[in-house]
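Annotation source TrEMBL lists transmembrane segment at 58-79, 99-120, 141-165, 185-208, 215-234, 286-308, 320-341, 361-388, 409-428, 440-459, 471-488, 494-512. TrEMBL lists 65-555 with the feature domain 'Amino acid permease/ SLC12A'. Residues annotated as domain 'SLC12A transporter C-terminal' in TrEMBL: 566-653.
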Amino acid sequence: MAETLDPLSPTVNISPRIGILQKLRTRFGRNVPINRNNSEGYVEFGEFRVERPGIKKVGTFAGVFCPVVLSMFSALVFIRMGYLVGNAGLLVTLAQFAVAYLIVLFTVTSICAISTNGAVEGGGVYFMLSRTLGPEFGGAIGTLFFFANVVSSALCISACTEALVENFGTNGYLVGESGGIPDSWWYRFLYRSVLNAVGLGVSLAGASLFARTSLAIWVTMLVCLASAFLSFFITSPAQIEKPDSNHLINTTYLNYTGLSVSTLASNLYPQYGRDYTTASGQLVDFASVLGVLFTGVTGVMAGANMSGELKHPSRSIPRGTLAALLFTAASYAALSLLTAATCSRELLQNNYVYLLPINVWPPFIAVGMIVATFSAALSNLIGASRVLEALAKDDIFGFLLRPMVSRSGNPVLAVVVSWALVQVGVAADSLNAIAQVNSVLFMTSYFAINLACLGLELASAPNFRPTFRQFSWATSLAGLCGSAALMFSLRALYAAGGALAAAGLVLALHLLSPAAAEPKWGSLSQALIFHQVRKYLLLLDPRREHVKFWRPQMLLLVASPRQSAPLIDFVNDQKKGGLFVLGHVRVGRLDGAGDPLAEEHQYWLKLIDHLKVKAFVELCLAESVRSGAAHLARLSGLGAMKPDTVLLGFWDDAQPRDFFREPESPYRTELFDAGGGAFPARRAGAARLPPAEYVRILSDVLCVNKNVCICRHFHLLDMAAVERKSPSLKYIDVWLVDLLAPSREEAFSVRGLFALQLAAVVRSARGWQHLQLRVHTTRHASLTVGSGDSPAPDGPPLQQRLEELLKLLRINATTHIISDWPKLDLSRWSDTDEDLYQRVPATYLKTVNSIVRERCEQGTAVTFVQLSAPPREADELCEQYLQVLDEFTKDLSPTILVRGLKSVTSTSL
């Protein structure tokens, strides 16, 4: 047999007569990694999967059509048709079938669309959902689908037991009064346990064995069903004896009329009675009938569950499922019509196995009952084990399910666990009670499948190109709404429980699942978020910005996060729902060998997760730090969401601290120590950024009309102490005084109001609201250029004006007028004098530093001060400028030097 390679499939078929490894290496090369331990019957070879010789797969008919038909017929076709027609009447029964099949048809189109959009592996519906919705949603719905299969298996085993008792029990139809197997709750539990054990044995032998025998089972069931249809036309009217298990009526015999128009007319409309299989004879209603009826359409997933055993899952699942749907719908409709036309209402309500005594040869129906129910139980047990193994392989529940993964292709432990849960389910007393739970669980799965397909269609993902095209967003939406409506109308309490269970699982998996922490496949939520974000970003027009709705949009330039972790944490609080971008510049250039920042970008994303900050990452490769910072300041963001404020760390020679390695650090982690360590920290004494380059970065930021902030001493900020409301931290201080131009009007300038707004935003953040905001200014005016006289002192009116301003701005703060702020006479120099920074008296700087430091020692968490304009040209001026700032902020609390260019406050509505 020649080697074949399908360009649209990741599977390569290779003759068993040729050595696999030799053939693979000849075709694809010797250095491609090989995984021989794939449990799906494949050898993984790089990007390709190669079928192992000897691993036999099944086709559409035996692998999909037969299991789906057998699962859908299950307990309904031979055991519960009388329950449906006898209580709901023919018209309501057909209407319920129509609604159920319509929902299932819509769901099947969604299944077909997803299954033909790529290679389908083991796990069936769970595999499709997880690869579409992501690990959290897929894992949650997959778990519910696993339990749905478990409950369905228990339902079918209970139905099989009922068939055994009705045929071979005391006064059973096939043994008469001569005896038979004993009947009681304990005996029925014993029979269920034995049947479940037989199912365990078959499942341990392998799902492919069941798939191959399903054809023979289907033929047997078809013969039995054909005998039932023929019997309606052959059997003469007769008196049918009620079953011994019915203790609700005293009548012994019930009427079978044969084909009769009057019988059909009497069975057209609903007439609800009591369910004789329940201990108390519970009254039947519309919802209970619908719940039992829906179990006849839940088996539609059986073919998808066998995806790991199919030769061509993407082709077999759509064809086999749709054909089975058509076959079972026609069978149910015909059986309902003939039942209503031949059986009296009393017979249908009081003998659910009426098909057996009216059959031309009753053993046909007995065999059909047992074969249909047991094969469906087996199909669901195998399906449950495959879903459980798929959950384990995807590491959804971590170590809890890891032992479920099998290397042999048959998940033995997953089968045993599924069997044990089915054993718990068969303890339920009533078949109809199990059916209610079963229907709700499957409808939850249908809801998720339609949701996944609808999301893929609405997200307009370019790679969503299913070969099955007979679907649309309307069919998915109809299936989704129909599943939800039917689920809540059937049993609202069960439906609410299923919804809460799904929501709880989604949340738990999002927080705890290893698969969610490092997803290996795409998530539909990301595609939908991208689709919506793009749409709303286009609607966000920068020309319509208004100061009333201003919020901080921060770009924090970081050299090494190891030294800046507290600052990153603080800016995350300062952004107040605005934009937060972490920017980093690496000096270098592209060398044609790939993106040099790709690997580092992954570390920055891990950093965001570790610090739990809501930020974006922008990395820049440039020939200098200055040019890279200018690029980031100008180009960061998208559309109207662009930073308007740039923050930097202070230029000083402070001893660097590694917050990722310090034993007592709240940011301690080993995430970034592997492979030599990410984010190398600056060592003490190492070369720093030249002062001129640093100051020119400030000038560049101001040149592009961005606000600028310099942050110092933030290695001293204890965010944990702030959040636990430490008594040593009481205030947030704002100094509305320009160091080189101390003016009483500074508080009312754009620069002053910007600093005040930032402080107010920090105080409003969660964890900072207990701190008191203090606003400081001076009553003295500077002797500015061209002014030879000192203005008259302001006195009390200044404080009154400041308090009125705070009231207008709705900022709760105390005001403090600093009367001992020293005067600085700058009138002798021009505004561009190069000696400006050098001639600022050292005594002046020490005095103002001591005034601010004295206030800080009273319990200040963060201090906001005004930043004087940086020099533009000479290198020596840049160094003098930094020395002035260094002396001014020495030994203060965590300090932010602020220079604002934009109005950010509003007093109007």
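Every residue, even glycine, has its Cβ placed from backbone N, Cα and C.
Automated prediction, rather than curation, is the source of TrEMBL annotations.
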When you look at the transmembrane segment (361-388) alongside the transmembrane segment (440-459), do they share 3+ Cβ pairs under 8 Å, ignoring any pair fewer than 6 residues apart in sequence?
no
State, in range form, which of 58-79, 215-234, 409-428, 494-512 has the highest count of Cβ pairs under 8 Å to the transmembrane segment (361-388).
58-79
Sequence-remote contacts (6 or more beyond its ends) of the transmembrane segment (141-165), Cβ cut-off under 8 Å?
71, 74-75, 78-80, 123, 125-126, 129-130, 133, 172, 181, 183, 188, 191-192, 195-196, 199, 245, 277, 295, 298-299, 301, 305, 353, 366, 369-370, 373-374, 376-378, 380-381, 383-384, 387-388, 390-391, 396, 418, 421-422, 424-426, 428, 431, 434-435, 437-438, 441-442, 444-445, 448, 498, 501-502, 505
Model confidence over the domain 'Amino acid permease/ SLC12A' (65-555), averaged pLDDT:
87
Let me check one thing: do the transmembrane segment (286-308) and the transmembrane segment (99-120) come into contact, meaning three or more Cβ pairs under 8 Å with sequence separation of at least 6?
yes
Can you tell me how the residues of the domain 'SLC12A transporter C-terminal' (566-653) break down into helix, strand and coil by DSSP?
34 helix, 23 strand, 31 coil
